[in-house]
Every structure is written in C-alpha cells, then in structure tokens.
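Trainee: So Swiss-Prot has the following annotated:
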ACT_SITE  CYS400  active site, proton donor
BINDING   GLY283, GLU325, PRO326, GLY327, ARG328, TYR430  pyridoxal 5'-phosphate binding site
BINDING   ARG328, ARG369, TYR373, GLU401, TYR430  substrate binding site
MOD_RES   LYS97  N6-(pyridoxal phosphate)lysine
REGION    1-23  region 'Disordered'
Amino acid sequence: MNVHTAGPRHAEKTRHTATPQRVQPSDDLLRLASNVWPRNITRDETGVACIAGNKLTDLAGEYGTPLFVIDEDDFRFRCREIAAAFGGGENVHYAAKAFLCTEIARWIDEEGLSLDVCSGGELAVALHASFPPERISLHGNNKSVAELKDAVKAGVGYIVLDSTTEIERLDAIAGEAGIVQDVLVRLTVGVEAHTHEFIATAHEDQKFGLSVASGAAMAAVRRVFATDNLRLVGLHSHIGSQIFDVAGFELAAHRVIGLLCDIVGEFDPEKTAQLSIVDLGGGLGISYLPDDDPPPIFELAAKLGAIVSNESAAVGLPVPKLMVEPGRAIAGPGTITLYEVGTIKDVDVSATAHRRYVSIDGGMSDNIRTALYDAQYDVRLVSRTSDAPAAPASIVGKHCESGDIVVRDTWVPDDLKPGDLVGVAATGAYCYSLSSRYNMLGRPAVVAVCAGQARLILRRETVDDLLSLEVR
C-alpha cells in the first residue's frame, strides 16, 4: 500500500493508475451493494436512492450538501449485534473517536453499550447527553491534569493508563478526591496487524502503551499496585484498525494473558483478585468496497472468546472478562455522504486515454481519509437512473490541494452532469470526526433518518460560525 501522508504540493502529480483498477460493467453502475451501503437503502422507480423511506434528493433539497445521512436503524442494529456477540453491552465500549455527538451518545446509552472517550471534549459531550459515567472509559496517551480531574469528578468507570507519569498523576488526583479509581494498563504487545502504517498501533516503535517485551508494562503494573488510590482491574491492548484477520488478535491475546500470568505469579491473590478484564481494543474491519469480506461479527467474537479462554486455560488462570472497543464497525456502514456534482473535466493522460475529474461540493475537509490513508470508497449516482456507459473518473473536492481526492480511479455513468447527486458509502467513521474548516468551508450537517422521518442532529456550520472565534 502506498503511503500518502499529506497529499502532494501544488502542481505535483497525484497518483493515478492509467486506467481504473476496479473494473465494473456499465449495468452495475447503479448497484448499491448490501455489504457496503446502509441496511435500509433502496432506489425508487425513477432511480432516486432512498434511505429508510427518505429520498436523498429531498434531503439534499432541505438540508443542503455536502450532507452526512445516518441510517439510525442500521447504527442501532450494529450496536445490538455486537453486544449480543460479546456477551452484553457492558463489554462493548463504543469508540467515540469514530463519531460522537450528543444524539449518538444517547443511542449508545439506549442500546446498553459502554463508551470509550479519548479527550475532555468527548467526555463533555457524553456527559451533556447524560451518558452514565460509570459506563465510560477514558483513554489517551497524553491526558492532561484537567482531563484526569474531570474524569475522576464525573465518576468514570475506568481510566486506561498509558504511561508511568500518568500513574503518579492519577494517584494524586484520586487521593485528593477521596476515591479509589479503577484502571487498566495499556500494553504494547508488538503485534502489527495487516493495516495501514498510520493506523497500526501495537508495534513497538509508537506512542501508545507500555511495552511487554521491554518490561515497561510489568514495571507499570508494579507501580500501580504500590499506589494507595488506584485499583488495577485489567489489561488493555489495541493492535490497529480495519483488521480482517483474527491472527493478530490471537497473538495479542497470547501476550496479554502471558503478562497476566506473570502478574499473578508475582503478587499475592489479594492484589490480583480484581484483575479480571482483558480489553482487546477495537479494529474490527468493515466493507468499503463490494469485494471486501470482513469476518461476520459473531464468528469474530467466538474466535476472540475462544482465544482468551484457551490462553487462560493454558496457564491455569480463570477466564477474564473480554471487552472490545468497536467504533468503525458500528458507525461506519450506516452513513453516506451526499454531494452535488459541479465542474467536470476530461484530462488527456495519454494519446489514447483520458481521465474525468468530477468535482463535488465537499472534499478533504469532510473526508480526509483518502489523502491520509489511501482509503477507497464506493461512489454512486443517487439522484436518478442512467443507462449510459461507464466512464473512468476520480471524484475530487473543491479545495486548493491537488491531493484533495475523495474517490480515486472509479467508474461513473458517462452522462453524469453538474447538478447530479452522488453518494459515497460507509463514511460514518473518521470522516466528520476528522473534518476541518480547510479553505473556510463549514462542516456539513448530519441528518438521522428512520422509518420515513428525518431529523437534523448536527447543523451545518455557517459563516457566522467561521467568524465566531475572531476577537475583533
């Protein structure tokens, strides 16, 4: 996989193949693959795509574009499915970093899941939504004193320790508050999952966690046990994101259980009795393209459960509670981004071939993932039908950046024209949450749809919002 860290400079060439690599016949250009698009998406007799009974053309007319459209039933279905697979919602901590607002926090609460936050801002949103603090865990490699104090004051269930400095800091804060805070220690287990370099998080040379191999993790455990105000209840590992192969989780679990065995062997039962949680983090992959084939969630959960059980039995330990932290797997598939087509250019790339650049009214400010990770997406005409032949194209944004590409090397109907609406699938995770105001474009609105109804859950940013931080 090519690494694309920030996009090329102005006037540099962007990477393209001579012709698109994902060849699709023209009669497939309107297909909305069920493994990629929201559960409740259909087309009406005129070819207009609808989600949960809401025409996308109507939503664009009422709320404007770009527009994030969330299939609420899809989101809730995935919450329930993952909770059932992992033995209950208390074992599933939704990763707020994927996408969070107060409405999403309420859905997570209503479906009985727990919540993983990584900043004071995410914690504040959760508390604003009246999310039960005892079902919140706080992560982060550089939590500030203020964030730790806010978490302790709120009464969060767990704080995941990421450094030895944080151990002393949190012990003092908990002592001042007169409580004993439950904590997990985040481990670096040396497993690099088959994922992009920037989203693989458990190899040794990286900013997260404490290394098992170097002894730093065991040293941190000893320091936690030596405190007066921290109670170690589990070990945490996270090996990456968008993972399809369970082998990485198996090796991670083996090393986590190995450390747990060492801890039990070194400390008396009074200290280790409460050490009952193994959190294997998130990273469950989803389909971004029709040919993607991630493992079914129940199959994956059964394999992870068996891994933890077998590893524990092999060293004679009671089976710990298995916890996970899915974000993308819940939020990603049920959301699309709706764009209006603007400028269309045909550019000669050889004596016999050209590429069509289809410009949309959003871009890297609402979806940085293609530029950042070389992400791939499924894009479709959603405002009408078409029987035109396929044309090779790239879907590009309106920003002053040649790397501003949302979908690279795809196919579109040859009659695609300005004013048409296109949808990009599976944009519910790490699109709005990574969005920016680049070129002073306000962030898009977010609309939830369910049973024929649509409601705004995040309004579109306006020029007034863009000017709101100015001091004169």
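Cβ coordinates come from backbone N, Cα and C, glycine included.
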Trainee: Reduced to three states, what secondary structure does DSSP give TYR373 (substrate binding site)?
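Mentor: In three-state terms, TYR373 (substrate binding site) counts as helix.
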Trainee: What is the nearest of the recorded positions LYS97, ARG369, TYR373, GLU401 to PRO326 (pyridoxal 5'-phosphate binding site), using the Cα of each?
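Mentor: Among LYS97, ARG369, TYR373, GLU401, LYS97.
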Trainee: Assuming the binding residues for substrate are exactly those in the record, ARG328, ARG369, TYR373, GLU401, TYR430, what is the maximum CA-CA distance in angstrom, rounded?
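Mentor: Output for substrate binders ARG328, ARG369, TYR373, GLU401, TYR430: max Cα distance 27 Å.
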Trainee: Here's one to test understanding: among the recorded positions LYS97, GLY327, CYS400, TYR430, whose C-alpha is closest in space to the C-alpha of ARG369 (substrate binding site)?
Mentor: TYR430
Trainee: Have a look at the recorded positions LYS97, TYR373, CYS400, GLU401 and say which one has the shortest Cα distance to TYR430 (pyridoxal 5'-phosphate binding site).
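Mentor: Considering only the listed recorded positions, the nearest one is LYS97.
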Trainee: Provide, as an integer number of angstrom, the distance between the C-alpha atoms of GLU325 (pyridoxal 5'-phosphate binding site) and LYS97 (N6-(pyridoxal phosphate)lysine).
Mentor: 11
Trainee: Hey, of GLY283, GLY327, ARG328, TYR373, CYS400, GLU401, which of those recorded positions are within 10 Å of LYS97 (N6-(pyridoxal phosphate)lysine), Cα to Cα?
Mentor: GLY327, ARG328
Trainee: Inside 8 A of the center formed by the CB atoms of GLY283, GLU325, PRO326, GLY327, ARG328, TYR430, which other residues of the chain have their CB, for the recorded pyridoxal 5'-phosphate site?
Mentor: ALA95, LYS97, ALA98, SER241, GLY282, LEU284, ALA329, ILE330, ALA331, ALA429
Trainee: Applying a 10 Å Cβ distance cut-off over all chains shown, what neighbour count does TYR373 (substrate binding site) have?
Mentor: 20
Trainee: Looking only at GLU325, GLU401, the binding-site residues on record, which one has the least crowded Cβ, with the fewest other Cβ atoms within 10 Å?
Mentor: GLU401
